[in-house]
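Heads up, the thing below is written out as structure tokens.
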Amino acid sequence: MAPQEGVLPTTVEADEKAIGGPPGYDSSSGKAVRGAISEEAWATRAGLNLTSFKKREYGRGIVELDRAMSSRHLHMIAIGGSIGAGFFVGSGGALSKGGPGSLFIDFLLVGIMMFNVVYALGELAVMYPVSGGFYTYSTRFIDPSWGFAMGWNYVFQWAIVLPLELTVSGLVVQYWNQDISVAVWITLFFMVIVIINIFGSIGYAEEEFWSSCLKLAATVVFMIIALVLVLGGGPESGRYSEYSGAKLWYDPGAFRNGFKGFCSVFVTAAFSFSGTELVGLAAAEAKNPVKSLPGAIKQVFWRISLFYILGLFFVGLLIPSDDPSLLSESSYSDVKASPFVLVGKYAGLKGFDHFMNVVILVSVISIGVSGVYGGSRTLTALAQQGYAPKIFTYIDRSGRPLPSVFAILIFGPLAYVNLNASGPVVFDWLLALSGLAAVFTWGSICLAHIRFRKAWAYHGHTTDEIPFKAIGGTIGSWIGLFLCFVVLAAQFYTAIAPPGTSELNGAEGFFKSYLALPV
């Protein structure tokens, strides 16, 4: 069906005028108006005084978020923003279920999917750097009802991720000291997340920049050490004092649990890439997204190929898939099951496990901060479109959507529920409601990009007029959309027939894995 007239403005400027222009811009006069963020005092812009909490007023149009992020922030958010417990810890469970072959192939396929998703998102975000990012693209280019469902699902996903990451952070600290209650650490790290969000988008950007630097540095250090160990350069007291090569791919083997194991690793790989799309939301708060976002998007290729694929390839060369240490009931919180920690332990490298535990802790807290950022910005965009209560349109003078931030933070104390004997059961069902939200979001981004290109051509434009083009074009988006369906199919299959057993899953187990789809 051909796109309707009026779906797409003929220029980016027309679209900018339609929404009231950028912050500090009056579309009726074309001039800056009093109250723009650049005219505020430094303490107000940084959110450090009471004046900063007052409502931002810019004349006419939608009040946008603060554009405070620089190119370095976007680059690091794109490269290391989503590297967390799924990569450092969850990869161990994936290795034990599917073997090193499944681990490498599945992460490679999901990496190809994310490469196309992020490039499609980059093209849309450069054309329309508006708050709400991919949610607004789904509403505009697919259907308002689709955007409504996807937006609220995405908000709920991050609202549940926050208490989950708080619980995991407390469990990670217990690697050093089990005498202090997890509740104490949950409270401490919750306050850290609240304080970071007081500083608005710049607080999130700086936290992501430095935490990403640490995560990437740790991964590079690991790969250098892993290469030495594979070549037999490890200490005599450890396992890796002789050349091993790809021995573990033959014994115990490259694949485990057959097709079930292969599909289960697909699900873990998708979870590990969750949050990659946040660079699209951050673009709406960048100083100059047209210049800074394309460079950030291009960095995603290196993150996928160098850090994810190569890092996990070394893991498969050093840790046998039948290692009992990889088995853990808490696959994303038990750092003792992390293959990165196990490599240091088996090699006899003193202190390396503690170093990796620090990296995992920082990664978990970083994802919690990202959850508040992603959920609050999407909730604000929903409210601006009339799909959420009007109170969530409130943005203060430092550019913080305070009611939306508080709405996500309210979910944080659910982490204490998880400490109760029956708490994990309740938490599992909450996770089930939003477990597939990231895959829905990625598929929607690809579909919105396909629809955008059709509308663009319908209005007589060529791709030469697009400032930043997705490398794969619509073909890449179709590939990304297809792989999203593959991940959903793999999740469905493992929900029915979980790996490691010949029995089918019960109704409770199935819906804990797939309840998000009908919802």
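Glycine residues also receive a Cβ, built from the backbone N, Cα and C atoms like all the rest.
Nobody curates TrEMBL annotations by hand; they come from automatic prediction.
Taken verbatim from TrEMBL:
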type: REGION; residues: 1-27; note: region 'Disordered'
type: DOMAIN; residues: 73-519; note: domain 'Amino acid permease/ SLC12A'
type: TRANSMEM; residues: 74-95; note: transmembrane segment
type: TRANSMEM; residues: 107-130; note: transmembrane segment
type: TRANSMEM; residues: 151-176; note: transmembrane segment
type: TRANSMEM; residues: 182-204; note: transmembrane segment
type: TRANSMEM; residues: 216-234; note: transmembrane segment
type: TRANSMEM; residues: 300-319; note: transmembrane segment
type: TRANSMEM; residues: 355-375; note: transmembrane segment
type: TRANSMEM; residues: 400-417; note: transmembrane segment
type: TRANSMEM; residues: 429-450; note: transmembrane segment
type: TRANSMEM; residues: 470-493; note: transmembrane segment
Under 8 angstroms, Cβ to Cβ: which one of 74-95, 151-176, 300-319, 355-375 has the largest number of such pairs with the transmembrane segment (216-234)? 300-319
Quick one: do the transmembrane segment (151-176) and the transmembrane segment (182-204) have at least 3 Cβ pairs under 8 Å, skipping pairs fewer than 6 apart in sequence? yes
Long-range environment of the transmembrane segment (355-375) - Cβ separation under 8 angstroms, sequence gap at least 6: 81-85, 87-89, 154-155, 157-159, 161-162, 165-166, 168-169, 172-173, 175-176, 189, 192-193, 196-197, 201, 204, 207-208, 211-212, 214-215, 218, 222, 275, 278, 281, 335, 338, 340-341, 344, 404-405, 407-409
Leading contact stretch, 74-95, 300-319, 400-417, 470-493 vs the transmembrane segment (107-130) - CB distance under 8 Å: 470-493
Tell me, what is the mean pLDDT of the domain 'Amino acid permease/ SLC12A' (73-519)? 84
